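Novice: Quick paste from TrEMBL:
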type: TRANSMEM; residues: B:6-28; note: transmembrane segment
type: TRANSMEM; residues: B:49-70; note: transmembrane segment
type: TRANSMEM; residues: B:128-155; note: transmembrane segment
type: TRANSMEM; residues: B:161-181; note: transmembrane segment
type: TRANSMEM; residues: B:193-216; note: transmembrane segment
type: TRANSMEM; residues: B:236-253; note: transmembrane segment
type: TRANSMEM; residues: B:273-297; note: transmembrane segment
type: TRANSMEM; residues: B:367-388; note: transmembrane segment
type: TRANSMEM; residues: B:394-418; note: transmembrane segment
type: TRANSMEM; residues: B:425-444; note: transmembrane segment
type: TRANSMEM; residues: B:482-499; note: transmembrane segment
type: TRANSMEM; residues: B:505-524; note: transmembrane segment
């Protein structure tokens, strides 16, 4: 593998981690706000 | 570079970080604490958790400290494909259980444990076999996480290993004890956000601080041709293949996964499992890349122990503030799994021991159940601390238990789809599989001549079973049969005369094969035709057993099996 390919190969994982973090965080926030609006417990 | 000074955090810094971490998680769990916790809430949070929390919890639970260390070890040992052969297959464990999870949830929407469903499907012996294996697995996992905590605290601070184990055990018990599973999943969200955030920051920081990308060119000579090859057969055969064999076994044998399957809202099972698959894979492979970087840099692990690689890379290339972040990431990883293990153990004892074995479902007292669950957590923590002080070889134990779980996979999955599987077929097939697995795994038989050939033929069948089950979950029975046949024919030339030297892999495959063959043979002769719709009546809530178990408010006796 070339240096560029290796660099992308190593750094793509933390980038993907950041995307998953955003997806989970968005889902949690939406449910938290919904629960507050309905006056229910989140869990 | 090699020989570089390693950052150590002082006792005060570590103390403050631990107080902030466990104090924070305790505060979060206290916000959802109820004076009188319900039994069903304590075990599954009422079966209606949303996507954000369940995806976070599934990801956090599946990631533990050992998975990060092992992924980095795989990268350091097998080169650039090493982390893939650890993290990808681990992630697929979550993905492959998803279609079975949907079926299990449809059959038993309000269950608490898989063993409980086996009780309704078959009876006592099948239930206790599955529950027993779940308890052993969760205890080993709990002990392993305490050990990982003791090691990281001893490595980065002046505290001793035992002091570290006691701090971690007390911290996890503190925030999990009162609210059980509800506390576990809510704190998982915070912990997984900290872990994901840490990986997103730390891996690129170490990458550039260690002199990459130019270090790829300077260190290329440190790698063997196999380590430089992305399609390394060495990495696949020694790391990836045994893991594929374990994929379904870990998912079926692990109550922490089943518990989340029963807790998430039924319509959210798919996005939850998919997100957790990607989250787990990206995070574990990302941390595993630190092992690849260490290989390029020519770093020798401290004390020759490969488990030191990840902390060593962090302590060598990160400033003190980011070492503290790394410390929080590891503590978050092991705490989230440890609290899940505690919740799993308490559910198993509450449901399968007290709920069905001692009291019976209709007579079970929910308040007493919650007390039993809390007492279980305290006892399990004490036992895990005692075992942790022995510093047993965790990975060996896990591989052993994983193979044991392999004996259960086909009988459990078949029991959810095939009406002809009987309790006798389930029990006999598991015992027969264990009877063959043990001598193969521990080399009690000479692996030569006819014995070796029989083991290898069974291993070929085992490969067919694993591939067949994976395909069956997504594409159905016909495709599964074709896939099983093709995989057996394709693998036979590489297995026969070769696999006898790999006791771990062949033991695991033999367990799959024997349990499948015996279960198939006995079930095909069976005249039983089980009605799956009856499971809903036999498995349900403990807080309001009759109303919750019956459709449309219909009042009828919810049978409890003897």
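Cβ atoms here come from the backbone N, Cα and C positions, even for glycine.
Worth saying up front: this structure is predicted, and the values here are computed from it rather than measured.
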Novice: Under 8 Å for C-beta pairs, could you tell me which stretch among B:6-28, B:161-181, B:273-297, B:394-418, B:425-444 has the largest tally with the transmembrane segment (B:49-70)?
Specialist: B:273-297
Novice: With the transmembrane segment (B:236-253) as the reference, which stretch in B:128-155, B:193-216, B:367-388, B:394-418, B:482-499 has the largest tally of C-beta pairs below 8 Å?
Specialist: B:394-418
Novice: Pairs of Cβ atoms less than 8 Å apart decide it: which stretch in B:193-216, B:273-297, B:367-388, B:394-418, B:482-499 has the most with the transmembrane segment (B:505-524)?
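Specialist: Maximum Cβ contact count belongs to B:394-418.
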Novice: By a Cβ-Cβ criterion of under 8 Å, what residues six or more beyond either terminus of the transmembrane segment (B:6-28) are in contact with it?
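Specialist: For the transmembrane segment (B:6-28), the list is 153, 156-159, 167, 171-172, 174-175, 183, 186-187, 190-191, 302, 312, 315-316, 318-320, 323-324, 327-328, 331-332, 335.
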Novice: Can you tell me which recorded stretch out of B:367-388, B:394-418, B:482-499 has the most Cβ pairs within less than 8 Å of the transmembrane segment (B:128-155)?
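Specialist: Highest pair count goes to B:394-418.
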